[in-house]
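Scroll down for the structure; my scribbles are underneath it.
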């Protein structure tokens, strides 16, 4: 056997505590060793805390996923039929692009205050604020059903973009606070799943509800139907959040979460947490690569209608369906990635493979967009979406591993800031390139940055701190006679070296 490691740095030394060995019959036996030294107070609390999973966790993650869906729908509802809104409001295509980019721009200055609130006040307050602002923004848009009221629709979109600040950093935090160590990646994927489904509906529903007609009154009527439905759904979800959403479960769901909850509140400093994250070289590399990938996705989503209509005039509905294909295939990719991570814990290898395939998909989409066959565009867009959109929960979970025990809300927030900055730059840059040099040049612009991101990803070291904390706490539990969390085989108990 080998010596067991303690949870906190400085408490473990070679030969400290009992060592364990697995005999041929599969039983755990203790070899002769000196008596174990009692653990530190925080370690004792984490080791002896009762770990239990509650059914409400699925209701919480599905409710979050639902209001995230509604907010994401409002992000892309203008961009998916940008040519129709250009005609209705009498503004430029660039002005309509800014309705999507407002989500990116608003996020950057408000991230740190919201992340601080998340750490200080917890999940419930953030959930209430996000769902309330989402509903408010949807109702404000109902006041913009005349061509001269474009500023009102801008105001409604800005309010929705503020709601997004209270939403984007939540998936990994909800997964860690509510779910066990064997299901956190799947839970994070489900939380991200709602956001992606909202974007998918944002591509699918507006072209169906709002036909490209010349009559302004008919157009206003169809737009009002979409706005009323959105406002009603957003309000119902806000009410459900008030009734259902709880701060945290009654018992920690994992040993790693028990360790965090056992830490005295006064030990935590939000500013110091950010500084530690910014000194973490692996996390900084991930910030860059996540920003490059997600920024490309934001630009592609915002400008998709313009690209497709340029090559296939009059195909607004199919442009929306292509966007839907990108997102739906990405949702499948995200779910598969989450399940795969929970089973294998191969964060670095999976992230690199998915990033590489995102580049391949983008190259294929770039050169096949103009072939003249829509079915080819659907196939390549589906391949691109499977990997590019499927990467999003991978980035959140890899960050949570690299930065444990720092707040998942802070690490996710920094990833999203990177994504918004690159998203604005790529949307403006690709839009200008498309206007002057064509769609292929604009897409090659994105390909070059995905190639850079793939190279940088290869240099990230897989320092899986959260997994190590769970293993260390499991060892501590075994040493002091407690049963560790998670599924257990009756014939082969879990040893300190793994299953």
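The first residue you see is number 1, and the count goes up from there.
Keep in mind that glycine also has a Cβ here, set from the backbone N, Cα and C atoms.
Taken from TrEMBL, the feature transmembrane segment covers 58-78, 98-118, 125-142, 148-169, 190-209, 221-245, 283-301, 321-340, 352-368, 374-392, 413-429, 441-460. Per TrEMBL, the feature domain 'Major facilitator superfamily (MFS) profile' maps to 60-465. What TrEMBL lists as region 'Disordered' is 480-499. Taken from TrEMBL, the feature compositional bias 'Polar residues' covers 488-499.
Using a Cβ-Cβ cut-off under 8 Å and counting only residues 6 or more beyond its ends in the same chain, the transmembrane segment (221-245) has close neighbours at 59-60, 63-64, 66-67, 70, 73-74, 77, 88, 123-124, 127-128, 131-132, 134-135, 138-139, 141-142, 145, 205-206, 209-211. Below 8 A, the CB atoms of the transmembrane segment (413-429) and the transmembrane segment (441-460) form 3+ pairs separated by six or more positions in the chain. Counted as Cβ pairs under 8 Å, contacts with the transmembrane segment (352-368) are highest for 441-460 among 98-118, 283-301, 321-340, 441-460. Against the transmembrane segment (98-118), the recorded stretches 148-169, 283-301, 321-340, 441-460 differ in Cβ pairs under 8 Å, and the greatest number is found for 148-169. Within its own chain, the transmembrane segment (283-301) has Cβ neighbours under 8 Å at 76, 79, 100, 104, 199, 203, 277, 323, 326, 355, 358, 362, 388-389, 391-392, 395, 398-399, 402-403, 411, 414-416, 418-423, 425-427, 429-430, 446, 449-450, 452-453, 456-457, 459-460, counting only residues six or more beyond its boundaries.
Cβ atoms under 8 Å from those of the transmembrane segment (148-169) belong to residues 64, 67-68, 71, 74-75, 78, 89-91, 95, 99, 102-103, 105-107, 110-111, 114-115, 118, 126-127, 129-134, 136-141, 195, 408-410, 412-413, 416 of the same chain, restricted to positions at least 6 beyond its ends. Counting same-chain residues at least six beyond the ends of the transmembrane segment (190-209), those with a Cβ under 8 angstroms from any Cβ of the stretch are 61-62, 64-77, 79-81, 167-168, 170-172, 174-175, 222, 225-226, 301, 304, 316-317, 319-324, 326-328, 330-331, 334-335, 338, 389, 392-393, 396.
On the 0 to 100 pLDDT scale, the model's mean across the domain 'Major facilitator superfamily (MFS) profile' (60-465) is 87.
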